Each structure stands twice: as structure tokens, then as C-alpha cells.
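Beneath this line is the structure, given in C-alpha cells, with notes to follow.
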């Protein structure tokens with residue numbers, strides 16, 4: 001009997017069929033990473049330095065920016081190594097570490113979006129008690145609780161992956177490592193990994209999304225009880241940025257999950273682009289959406305910009 005050793009490295013995939021021209025994608029990719037890092041750091045800086053923004057809504061926005069930064073930094077090394085240096089190899093342990101951080105920050109983002117939905121519900125239904133319900137200590141405890149949830153929910157994943165034996169071909173479907181993708185390279189029984197992965201997704205992102213929908217049902221119900229049409233529109237307008245953030249995060253996430261589970265015959269390009277959208281678009285778009293749609297953030301950024309020019 002010949003025993004096949006587990007490979008020490010996995011091979012990442014750039015853009016299937018476009019390897020000869022994928023270096024042209026380096027400029028837009030680097031631009032997206034720069035926008036994500038600068039945009040989210042700007043949000044954090046503005047909220048930190050402007051005492052008038054030390055309110056629950058902006059604390060939650062800071063948590064969202066931190067989650068987006070973590071997601072960007074987690075995917076950046078392997079994506080840039082492929083598109084800048086055409087280096088496809090990634091050590092198995094480094095790959096498992098990367099997927100751990102990607103999934104952890106994804107769960108954090110989902111949790112933050114849920115807290116922001118609750119924040120909007122309290123602000124609309126209980127505007128006079130808003131600051132007494134969402135005190136600084138409550139916001140801090142909520143943030144810590146969701147961070148701990150994310151860290152510990154994903155923690156068994158590396159352990160479960162290390163017990164698997166991987167075989168050739170050792171080619172991953174994306175420019176970074178995801179649990180579903182790495183798991184498929186195993187030639188040993190992966191049922192425990194599959195069940196655990198499904199459990200984590202359902203009990204975190206699945207539950208979060210249901211609670212977000214419930215929050216908006218309650219918000220709409222409250223808003224419809226407001227007599228003035230202008231007041232109704234004003235109340236709903238405070239939710240627009242958050243609704244955009246929810247759609248930007250959940251639509252690609254649902255898409256990539258469906259493709260991994262049911263799109264076995266889909267083009268490799270579909271897998272690649274859905275995964276890239278999932279990790280790149282939310283960190284890029286969230287600071288843009290909140291800078292454009294949130295008057296207080298927009299004004300502070302413009303004030304800083306004018307001061308620097310003077």
C-alpha cells in the first residue's frame with residue numbers, strides 16, 4: 001500500500017482562464033484595498049477625535065469599521081501575492097490561520113450589523129430613553145460579547161481541519177482561504193467539519209439576519225404609527241445607511257454559500273468573483289455609504305479636509 005502524504009502547501013487561484021492578463025487587475029485591487037483601509041481608518045479617526053460623535057450609533061459604526069479593517073487585512077497578503085508576484089503557494093498552517101481570521105471578522109461584522117439594527121429600533125421607538133437604554137457600558141459589553149462569540153465560535157475550525165488528511169490536487173478555488181474551500185480538498189471523512197460549519201453559520205449569521213429582519217418589522221410598525229408623513233420619512237432615512245450595509249454584507253455571503261453548496265457545475269469564474277465581492281466590497285463600500293449618507297460624519301470629514309487645505 002502506498003501512503004500519500006498530506007501536501008505542505010495549497011495552491012491559490014487568481015482568475016481562471018485570465019492568468020496572462022491578471023496582472024492588469026493589480027491596480028483596481030490595490031485601489032480597493034487602499035480605499036478600504038483609508039476609508040475605515042478615517043471613520044475611526046473622526047469618531048475618536050470628535051467628542052460630539054461619542055454616541056451609541058457611532059460606537060457601533062466604529063465596531064463595523066474595525067471588522068471591515070480586520071477582513072481587509074486578513075485577505076490582503078495572499079491576494080496581493082498572487083496579483084503582484086504571481087505567487088500561488090500558501091503554507092497549510094498559514095492558510096488555516098487566514099481562514100480563521102476571515103471567518104471571525106465576518107461573524108463580527110454580522111453581529112455589529114445586528115446591534116446597529118437594535119440601535120435604530122431603540123432610537124425610533126424610544127427616542128427619549130435612547131441614551132439611558134444604550135449607555136456607554138451597555139455598548140461596551142455588547143461589543144465585547146459579540147467579539148468573544150465570534151472568536152470562540154470559529155476556534156474549533158482550525159482544530160477540525162488539522163485532523164483531516166489532504167490529497168492532490170491541492171488547488172483552492174479562490175485567492176484566499178475559506179473553510180468550505182479547504183475542507184473540499186480533504187480525502188478523509190469531513191462530515192464533522194461540514195456539520196460544524198453549517199451549525200456556526202446558522203447559529204450566528206442565520207440568527208443575526210433573522211433578528212435584523214425582525215428589528216425592521218418592528219421599526220416599520222413603529223414608523224407607520226407616526227402621524228406626520230415628514231416625520232415618518234425622517235425616521236426611515238436614519239436607517240438607509242444601515243440597510244445598505246446589511247445588503248452589501250449579506251447578499252454576497254448568501255451567494256457564495258449557495259454556490260459552494262449547490263453550484264458544483266458553475267463556472268470557476270463565478271466562484272472567484274462571488275468570493276472576491278464577499279471580502280472586498282463591504283470594507284470598501286461601508287465607509288463610503290456612511291460618509292455620504294450620515295450628515296454628521298460627512299460634515300466632520302469636510303471640516304477636517306478644509307482645515308488641512310488652509
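For all residues, glycine too, the Cβ spot is worked out from N, Cα and C.
TrEMBL does not curate its annotations; it predicts them automatically.
If you look at the transmembrane segment (24-47), the same-chain residues 6 or more away from its ends with a CB under 8 A from one of its CBs are 15, 53-54, 58-59, 61-62, 65-66, 68-69, 72-73, 76, 79-80, 83-84, 280, 283-284, 286-288, 290-291, 297, 300-301, 304. Among the features that TrEMBL reports, transmembrane segment is placed at 24-47 (among others).
Sequence annotations record features per position, and here TrEMBL assigns domain 'G-protein coupled receptors family 1 profile' to 39-290.
According to TrEMBL, the feature transmembrane segment maps to 59-85 (among others). Tertiary neighbourhood of the transmembrane segment (59-85): same-chain residues 12, 14, 22-23, 25-26, 29-30, 33, 36-37, 40-41, 43-44, 47-48, 98, 101-102, 104-106, 108-109, 112-113, 115-116, 119, 136, 139, 143, 175-177, 245, 279-280, 282-283, 286-287, 290, 294, 297, selected by CB-CB distance under 8 Å and a gap of 6+ residues from either end.
What TrEMBL records for 97-118 (among others) is transmembrane segment. Within the chain, the transmembrane segment (97-118) has long-range Cβ neighbours (under 8 A, six or more residues past its boundaries) at 57, 60-61, 63-64, 66-68, 70-71, 74-75, 77-78, 90, 142-143, 146-147, 149-151, 153-155, 157-158, 176-179, 182, 200, 204-205, 208-209, 211-212, 215-216, 242, 245-246, 249, 253, 279, 282.
Annotation source TrEMBL lists transmembrane segment at 139-161 (among others).
Long-range contacts of the transmembrane segment (195-227) within the same chain, counting only residues at least 6 positions beyond its ends with a Cβ under 8 Å from a Cβ of the stretch, are 103, 106-107, 110-111, 113-114, 117-118, 120-121, 124-125, 149-150, 153-154, 156-157, 160, 179-180, 183, 235-236, 239, 243, 246, 250, 253, 257. Residues annotated as transmembrane segment in TrEMBL: 195-227 (among others).
What TrEMBL lists as transmembrane segment is 239-260 (among others).
Residues 13-16, 29, 32-33, 35-36, 39-40, 42-43, 61, 64-65, 68-69, 71-72, 75, 102, 109, 173-176, 178, 241, 244-245, 248-249, 252-253, 255-256, 259, 298, 301 of the same chain lie 6+ residues outside the transmembrane segment (272-292) yet bring a C-beta within less than 8 angstroms of a C-beta in it. Annotated transmembrane segment per TrEMBL: 272-292 (among others), in sequence order.
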Positions whose Cβ lies under 8 angstroms from the transmembrane segment (239-260), at least six residues beyond its ends: 64, 106, 109-110, 113, 116-117, 120, 124, 180-181, 201, 205, 209, 212, 216, 219, 266, 270-271, 274-275, 277-278, 281-282, 285-286, 289-290, 293-294
Averaged pLDDT score, the domain 'G-protein coupled receptors family 1 profile' (39-290): 88
